[in-house]
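Here the structure is laid out as structure tokens; the discussion comes afterwards.
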């Protein structure tokens, strides 16, 4: 009845003010068109501002829906951008950041109902805060004579530090129950399966026109190799390296979670997902991905505290490593042959990286704080001695951080990363008692190691969707002790239901034989 009255009032207002409503509708339509075609023009911003009120209201009422939207947007933002399905002129990071800030704001507004702020003070929060403070101080870095470039500094700081804090806060405050953690892991698995499907689609059906245009221009030198006989597939990611390393890191997480799960359908789901994702990882032709997979699995073996898991896993892993390192099995497949070349110490691309890093080291001897977060290849003055340094391809996230923050910055980053990771491992090793929850923690720690190794070899660590996924995943490890009691209760309930279904199935089978 209330809705009917409200609808009548809208109809009356529209009837009495038809001209105004029409003009406002046309202005809004024009603003929306400009936003989609041109980007963030002043007119579009002004006209779209009124939308912020209902958007904030919906986000406040549907907080979890906003979080799931963030995860999906974060995962597909590069995919949408590459296929030109996003408005022009809008930085890709804006979508993520707005959703992250919106989630944090809605939690702050509803602070009396949210009892999870006590989970924020942790070793990981302290380490990320330390790194953020260091990056804030970089605003005064004038190594390249750029002056106080707040805009350039903020762009670099957002990418290198602030997004880590956003990921930590969002995951810590939102994923507050076992049910939410399970749903998140399932959603991540489904997203990875879609990427695996899209890889198959690129291989057997073809690329979209936009993907093909990128492949034949920007990506040609790195993605069509071996004289044009081998294509590196990038799926829904910005490039093949990002895809391959994410696939390796995600697969190791799913494999560990599957191995340690007590619920059979979850066990089968995660293990099958891991196998599919690993198989399609090879299509990326990213040699580092193989090492990421190995490093992640070794991390799990250390954290497993189980001889029953350790011995057979070590044997199987050793056999697979021996096959890759010392045999030619599988060389008929170009992707596997390329992966195997990663073990070649005389690889040409690795030698080029070594030469670049030697040159970078010489320049940075005079810049212990780096060239600054606001410096890039197109804004360092030509007469500045670091102009050439700004143009050398970093080829690695760690080298990128080293160049922009110097030896002081990369040392700070390494120390803070090591401490927050060690803290997460300590939680898995000593604080958690439930085996399946330990598996979740160990899987996320293994994935984090895998991604860090990928960041050491390729510039993928801060790319979409990796930063939110893996730093958020490590933040999840820190909240696992808070939800362990609820996890055990939920797992017991699900296990009881599983056993009851099994019993009924056996009874039905026996009855059919009578």
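Here the Cβ of each residue, glycine as well, is placed from N, Cα and C on the backbone.
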Where TrEMBL places transmembrane segment among the ranges 65-81, 184-200: 65-81
Matching range for TrEMBL feature annotation, transmembrane segment, among 464-483, 484-503: 464-483
Given ranges 221-242, 309-330, the stretch to which TrEMBL attaches the annotation transmembrane segment: 309-330
Residues flagged as transmembrane segment in TrEMBL, choosing from 268-297, 358-387: 268-297
Surrounding residues of the transmembrane segment (464-483) on its own chain - C-beta under 8 Å, 6+ positions past either end: 70-71, 74-78, 92, 96, 119, 122-124, 163-164, 166-168, 170-172, 175-178, 181, 184, 188, 238, 242, 245-246, 249-250, 253, 420-421, 423-424, 427-428, 431-432, 437, 440-441, 444-445, 447-448, 451
In contact by Cβ distance (the transmembrane segment (123-140), the transmembrane segment (160-177); 3 or more pairs under 8 Å): yes
Ranked first among 65-81, 243-261, 268-297, 436-457 for CB pairs under 8 angstroms with the transmembrane segment (93-111): 65-81
Positions on the same chain near the transmembrane segment (268-297), where near means CB under 8 A and six or more residues out: 185-186, 189, 192-193, 195-196, 199-200, 203, 225, 230-235, 240-241, 243-245, 247-255, 257-259, 261, 313, 317, 321, 324, 333, 335-336, 338-339, 341-342, 446-447, 449-451, 453-454, 457-458
